[in-house]
Amino acid sequence: MGRRHQCPLYLLHMSSSKKIENRGERIPLAKLIFYRRSEFHSVLAYRLMFWIGVADVGQLIILSLSGIMAITQNGFFHFYFNKFCGSTLYALWFAMLFLSIVITLNRFISIVLSAYYSTIFNKFNVNLVYAAAALIFFVSWIVKLTPYSSYYFDPKLLKWTYHKNDVKILSRLSHYFGTYAILVQVLCSVIAYTIIAVYIFSRRKKVMKCSEIVLTTQHFLMSLLFFFGFLYWEFIDTWLERTVIVNFFSTLIWVIIAGLNPIIYLSVNRRLRLSVYGLVEKRKRMVDRTVTVIPFHERTKMSSLVMSMDRMKTRFSH
């Protein structure tokens, strides 16, 4: 029956508290957002994708605030807070585009010009990439924070736009940079992935590792999102009359571009999917048990005490 009944000296009483918690279920939100694993962190493209993910999270937070502004018609937020959010959103967008272009170049060199990969993406050049991304963010952010240039959400028109009192040259430059930056990203992706496809199919032997195929597919699908966003913003927006509905879908596409990246990562990359699933699944059940060791000769005293308490309960109940 068990060692508990065979012990002549001790009576082991085990009481299980109801604090049976799954330590794997309660995961801090920050750990899910900034989740990194060493096997992915060692690859440059994944490190760049991590920072793109950080930019996506920032954009989604600000776009969510714009939804609150639309519902309340900006009743809760001052214009300067709106301007601050717009400046941050504007800067995050350009930094994300730059990093996306670098990843496209990284995929092209890794597959087609693999002999030059270590030379081009050495430690010094990688640090230059990070410095350039930070510079793009801060320059764009500071310019939009000045009184001469603004980027804010208009709750009546449901769109992010430039202020009418901005300096005209800054508004035009902002528009051109916004248009041609995404155009450069789309063109680089089209050219790079066309050459990659030709290079792969022109060789009969396998030229890519499975991890390279997964990584390249991830970024290719990301580039498709930018391509469809560019088509809508530059053509459909222009052809259709600028109404609230059109502006709503324009902002919605922005949300989709920023929000679908992690879904693409998890859908395509099985190793990453299993890694993240390991955080959420029920891996451990930590059962808090208290063990009370009672000398065997005290067993009779304890039993008599319990019996006397039961008699008192019965007496008072009558």
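Cβ atoms here come from the backbone N, Cα and C positions, even for glycine.
Because the structure is a prediction, the values reported are computed rather than measured.
The transmembrane segment annotation in TrEMBL covers 44-71, 91-117, 124-143, 180-201, 213-233, 245-268. Taken from TrEMBL, the feature domain '7TM GPCR serpentine receptor class x (Srx)' applies to 60-269.
Stretch with the largest number of CB pairs closer than 8 A to the transmembrane segment (245-268), among 44-71, 91-117, 213-233: 213-233. Long-range contacts of the transmembrane segment (180-201) within the same chain: residues 94, 97-98, 100-101, 104-105, 107-108, 111-112, 207-208, 216, 220, 223, 226-227, 229-230, 233-234, each at least 6 residues beyond the stretch ends and with a Cβ under 8 Å from a Cβ of the stretch. Here the domain '7TM GPCR serpentine receptor class x (Srx)' (60-269) returns a mean pLDDT of 85 for the predicted model.
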